[in-house]
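Participant: Before I ask anything, let me first share the structure, which is written out below as structure tokens.
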């Protein structure tokens, strides 16, 4: 009978040979049957899958980042032309020209530093094609990483540059905190990868512990920022009443929001206390060893899934799950991978070789990569200084970037909660006199935001309707503060198909154009189950006019003064 050491060496030799895809012949006496071999292999995997390595973690992180990129670029492809295209509500060409004038009239490093975008270097004669091209390339690259689980620094850097180019010119349509968060997460993803290789488990390029900790540091900052801004912001977070209002007044509720809003008062108090615990206490578990770090990761993921279920917050919560995944090593994520083959088996082979002392001799490339990883740690540490100072400040701000490339940012969400939901409802009429009490005003319906009282709240997360979200902001501002609403009105008067593609229902489709369009201001509330009219999710009360009735003639001067193309041209 072979000794224990001889058996171990035989197993290691077998694994090395299998990795090279050669055939090893054993005597009949030493060859187990298939069932015994499978059973032993599974037991061996359970024994040898070690803690403290992050090969499988890297694959999960890269696929997760790619998924969010794919969603973000898909949103861009479907909506950018209408929002920032040639005839968009806020054309990015006009924005770039204004930046060019601001920095002295030249496209140089000053312009690029102010607005980092590859659009500076493209032909502006067809900006729609440029926007579509960026989005399509981003979808292709992110789709490849998502499907294969492989990436290198070049691919991840390209994704970051492409999305940065859109965010930089997106103006208010890209002014949300999750855009900066995706850019920071995507930047960190670059340093997870080898420079050239597309192997899922490149033997000479193990995931850097520094890189893993940059993700952990990100989830700590996200959650602490969100927790502190709440404590310092709205009083309802301190008296535990914010959740009495949140589900009804959040930007885009979903069907579950309706039912969560009906929860008893004590449950809403429990929700606020749980929120404070998850955002202010649990992130500190990250620094208390492997098990507590995993507890933090688990609780953060459960928390984000709860938020995903209860509202349409774009891809924010999906994105926040990603840095939480860095709290888990290969041993804890092994269940996600098939046994006996693929990436998991490759990791087992590498771990077995390392246990036997067969580690590769450091090459120049490996040494250079270590220097890059240290430099990354120093860079993140340096850029984190103003972020930490902001967290400690009594005048904390949220969702702010302190560097033009948005590498390290400060985050926060719902620092204040609106207690009443107001909506701007756009209406049109074919009546010649808008003041005629007999005039019939018909309502436009947006894709997802509340409008028709009987329409069930939509479920779209992680997808995002940017116009619907901005209409929520416009409702508690004036139309003078959100002039693009008047731009929409003018385009509706012309039955503009570009803008109407961002809406669900056009009451004048297939008919003559409306003569007048107006904005009405309403207060919306959820109905109570069983107490309101059958089939209604909302009840509403008119507040007054948001903007008066307008027609194309009246808007001609308004459009000209803002350099907007007149809709009837």
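Counting starts with 1 at the first residue shown.
Placement of Cβ uses the backbone N, Cα and C atoms for every residue, glycine included.
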Participant: Of 23-42, 83-102, 103-122, 163-182, which range does TrEMBL call transmembrane segment?
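Facilitator: Range annotated as transmembrane segment by TrEMBL: 103-122.
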Participant: Tell me which range among 349-370, 371-392, 393-414 TrEMBL lists as transmembrane segment.
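Facilitator: Of the candidate stretches, TrEMBL labels 371-392 as transmembrane segment.
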Participant: Pick from 1-38, 191-228: which range does TrEMBL record as region 'Disordered'?
Facilitator: 1-38
Participant: Helix, strand, coil: count each for the residues of the domain 'Lipase maturation factor 1/2 C-terminal' (407-548), based on DSSP.
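Facilitator: Across the domain 'Lipase maturation factor 1/2 C-terminal' (407-548), the residues distribute as 24 helix, 40 strand, 78 coil.
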Participant: Tell me, roughly as an integer, the mean pLDDT over the domain 'Lipase maturation factor 1/2 N-terminal' (174-333).
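Facilitator: A mean pLDDT of 96 is what the model gives the domain 'Lipase maturation factor 1/2 N-terminal' (174-333).
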Participant: Short question: which residues 6 or more past the ends of the transmembrane segment (103-122) have a Cβ under 8 Å from it?
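Facilitator: 92, 95-96, 130, 134, 161-162, 164-166, 168-169, 404-405.
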